[in-house]
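What follows is a single structure, written as structure tokens, with notes after it.
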Amino acid sequence: MKPPAACTGDALDVVAPCSAVNHLRWDLSAQQIAELTTELIEQTKRVYDCVGAQEPQDVSYENTLKALADVEVSYTVQRNILDFPQHVSPSKDIRTASTEADKKLSEFDVEMSMRQDVYQRIVWLQEKVQKDSLRPEASRYLERLIKLGRRNGLHLPEETQEKIKSIKKKLSLLCIDFNKNLNEDTTFLPFTREELGGLPEDFLNSLEKTEDEKLKVTLKYPHYFPLLKKCHVPETRRKVEEAFNCRCKEENCAILRELVRLRAQKSRLLGFSTHADYVLEMNMAKTSQVVATFLDELAQKLKPLGEQERAVILELKRAECEQRGLAFDGRINAWDMRYYMNQVEETRYRVDQNLLKEYFPMQVVTRGLLGIYQELLGLSFQLEEGAAVWHEDVALYAVRDAASGKLIGKFYLDLYPREGKYGHAACFGLQPGCLRKDGSRQIAIAAMVANFTKPTPDAPSLLQHDEVETYFHEFGHVMHQLCSQAEFAMFSGTHVERDFVEAPSQMLENWVWEAEPLLRMSQHYRTGSSIPQELLDKLIKSRQANTGLFNLRQIVLAKVDQALHTQTAADPAKEYARLCQEILGVPATPGTNMPATFGHLAGGYDAQYYGYLWSEVYSADMFHTRFKQEGVLSGKVGMDYRSCILRPGGSEDASVMLKLFLGRDPKQDAFLLSKGLQVEGCEPPAC
């Protein structure tokens, strides 16, 4: 396929000189965090006061739009220094101080977003300035500020504005508390070795012990997922699954009810019928009806596949109960799902996950992953020895453009769990790559935070294949942050439409299902041998194992999210239980409240969880149309991808970027085929 002409340009901003400074620091005490928070608020407010005091005739690009853009750059960096430690600091005092800083700064963010005087100056500027006199991205920035002002109700009566401001402040604090509760949860369950039957020795040996010599199983991912997949004792799985979905049940249940109520109230004040419609106005989908149709149609297509998969699982369960002398209850329980889905992979596809992970030691995976990304995107990574970091496990890398040697950014890797740390895997943008006040380009800096199994004195960290996939995905977000060359902080990195933001990373997950990349990031941890070809072939074929059930569960989560944000009276636990039964065909465990543990609902994905599936339409199309056709390790396609999809950040609409990269409008064919569904006139290898 001939590459789109628009993708052939330079992937770097060659005009602006680059400032190589890392402005981040991680040595602040709790007291310093508190003091600097107050200082940052005062400094930033002074700029807003200055903009808000301009007379109509004096308003200009320099004293209004550029002043706001410049303060956004410095404020974003300083804010991240103060509020990021709540997720990663080994010190509880620092985490607490950082959380308090986040609360104060979130309240301040609301105050600044509701500055009617500043909004009026932006409106005056728009009326005054000739649109073609602004650079395209500056014009987009101006339009975005006007749009955000209206979405904050700054065109409405003052009384309404005050109500909206009050609600926004409450929402910020509730979201922080919701996720803090989950991060700080230290629940563990004690079990005997017999109760943990089926789990490998390296897992059992890594567990801490209680005073009576029982093994401590926490509810963090490195314990929860392996246990649900491998433990053959149903009662143990039941206890752990139930505890996992009861985390922070009382406190987060109350927070979630209040979040939903306040979001609906705010959206009505702004003239939207539901919170979902308010949120989706800024996304590719635009309305809740479009999302509902997308999810309903996909569910209908996947349900027959889900029924077939449930029948297979039920038969596996019946046979195992007979073999182990256990009573067969004739149904699939929530705590059975991951266990038997894993068995499907091991029996139907003959993929032995315990054997497979021996080929994925962390150091080898990291070396291979970094090598692939460097080759694919024309980059060069270098470890910075002795860098200032927040914990000894953390590493910092410098990233350069391979062709020019120009520094474009840095990234931190924080890959292992510890108490009080953020419990999932995520990329945090810490220093936006954009233009500074003096016109120089600020390098982008991001952190990948994960919770992979930590090495012990006896064994290295060995990754499950799905953890390798997670690693690839989150590192894709890091690359999006670093390769973006936007002028404004507001459009830097992953600041794209929320239902597109996952697409660049999802597309890069495909590399962990292709033979050549897999061989490059694997090696047996003892013998150094490559994955046997037979095991590799089985792994690749297993990609569509359980695809019906897995994606139906994603639809359940997306529909719960939509229901809560379109029907304010919906009870979260009841709605989740209803959808589990109706769509997945597997009941939720009685007494649990999964939505109270669903961090996305309070983490910026409200009414937007559907975006994971929606984004996959584009990620599948990009991969199959370009990389699969022209070479999965093609540096040429990789550079087109970097130029068309990563370079713009949010300075272009996603639909424009996609059309440039694909050479046409996106299609659903590759997405549907990737789910194991038939597409008329389309064969899987060709689409």
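Every residue number used here counts from 1 along the chain in the order it is shown.
Note that Cβ sites are derived from N, Cα and C of the backbone, with glycine treated the same way.
Listed in Swiss-Prot for this protein:
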- GLU474: active site (ACT_SITE)
- HIS473, HIS477, HIS480: Zn(2+) binding site (BINDING)
- SER172: phosphoserine (MOD_RES)
- TYR278: phosphotyrosine (MOD_RES)
- LYS538: N6-acetyllysine (MOD_RES)
Rounded distance in angstrom between the Cα atoms of TYR278 (phosphotyrosine) and HIS480 (Zn(2+) binding site): 27
Sparsest Cβ surroundings (other CB atoms within 10 Å) among the recorded positions HIS477, LYS538: LYS538
Most Cβ neighbours inside 10 Å, all chains, among the recorded positions SER172, TYR278, HIS473, GLU474, HIS480: HIS480
Nearest of the recorded positions (HIS473, GLU474, HIS477, HIS480) to LYS538 (N6-acetyllysine) - Cα to Cα: HIS473
HIS477 (Zn(2+) binding site) and SER172 (phosphoserine), Cα-Cα, nearest whole angstrom: 24
Residue pair HIS480 (Zn(2+) binding site), the residue listed as 'active site' - Cα distance, angstrom, rounded: 10
